């Protein structure tokens, strides 16, 4: 109890006031977003009367657009500036979400969902870069706090999603669009008044137009990002099985939308109440960012292995969600912190590239898992996710080795410069 109380007290007094405003706005936006994404598969199958494989195709196109959007967002934000990039794409995304109300046929629905995926993804590298640069001395803590607050929003949104969808799917689309447009207005006002932290070159570059190395030059430096990106791809590929494997599995067994939504409510609640555990785990067993990445993939692998063996009862899936959520809690704030600490002013580009790889995992997963479920059911899906997350551990270990050698080279170069003539 004292451990939790001390951590909570630190949480509430650590950050500047402007950071709390940002956190609250992110929470509201994530609540609106959570009304939409968990129900995509079920909307396509139950309302548009398409197969689960075709539902996976919708998510495939949405994730493909996400790959493009993250890379485009990371590449263009130095040219466009944060205000234009974030505010413009959020506003257009909100309008697109309103369009879902009128997209009652298959083709228009696919087009609108794909466009929404593109516009949402464009903002992601810029928002992550802003957190990392503006509060550079508290990067990990802020990434973690935003992650927690967003998942409180997810817990609220997903708990409402099934209930609102039972009334009308159009109501979920409407509320999603309203929260996104409100978030864009918030960002316009927030960035307009935002002051740059003293001596913060990265944030100055973020808020204003600047010239940086050509994207191809940055892309060739594969040691800086590649195996981190591949590990993230496999993890997000595996987690897409919740939407494209677990959801149809529950539906097939006659369980309500609310039962599936409740799994995501569990996810959000574990993220909220499990912070003392992950803080203790990080300080005790995973003290470096690289160790946190490998530990996160390990928890994912344990979760999917457990569900591969035990999945006949609903409580089995609840236990799997709890274990997987611990992996998520270790992974989600660590990835952007790792990138912003390792790549400096080039972080927005690498955030976009690594995020693009992650979106590629979400792209492949629904298409594969939707068809796997149509033909073979849930068991092979859980087998694939188990081996994928085990492979992610290996990729994160390789990235850790590259990082260590890079740091040693930098130290050697610094020592040679400091040697007396």
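Numbering starts at 1 and runs along the chain as it is shown here.
Quick reminder: no glycine exception, Cβ is built from N, Cα and C everywhere.
Keep in mind that what you see is a predicted model, and the values were worked out from it rather than measured.
Features reported for this protein in TrEMBL:
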DOMAIN    18-401  domain 'Major facilitator superfamily (MFS) profile'
TRANSMEM  20-39  transmembrane segment
TRANSMEM  59-77  transmembrane segment
TRANSMEM  84-103  transmembrane segment
TRANSMEM  109-133  transmembrane segment
TRANSMEM  145-167  transmembrane segment
TRANSMEM  173-191  transmembrane segment
TRANSMEM  222-242  transmembrane segment
TRANSMEM  262-281  transmembrane segment
TRANSMEM  293-311  transmembrane segment
TRANSMEM  317-335  transmembrane segment
TRANSMEM  347-369  transmembrane segment
TRANSMEM  375-398  transmembrane segment
Beyond the flanks of the transmembrane segment (317-335) by at least 6 residues, Cβ under 8 Å: 140, 143-144, 147, 228, 232, 235, 239, 246, 250, 263, 266-267, 270-271, 274-275, 277-278, 281-282, 286, 289, 292-293, 295-300, 302-304, 306-307, 310-311, 354, 389
Whether the transmembrane segment (84-103) meets the transmembrane segment (173-191): three or more C-beta pairs under 8 angstroms: yes
Among 20-39, 59-77, 109-133, 262-281, stretch most in contact with the transmembrane segment (173-191) (C-beta, under 8 angstroms): 20-39
Intrachain residues whose Cβ lies under 8 Å of the transmembrane segment (347-369), provided they are six or more past its termini: 41, 53, 55-60, 63-64, 66-75, 77-78, 121, 124-126, 128-129, 132-133, 202, 206, 212, 215, 218-219, 224-225, 228-230, 232-241, 243-245, 335-336, 339-340, 381, 384
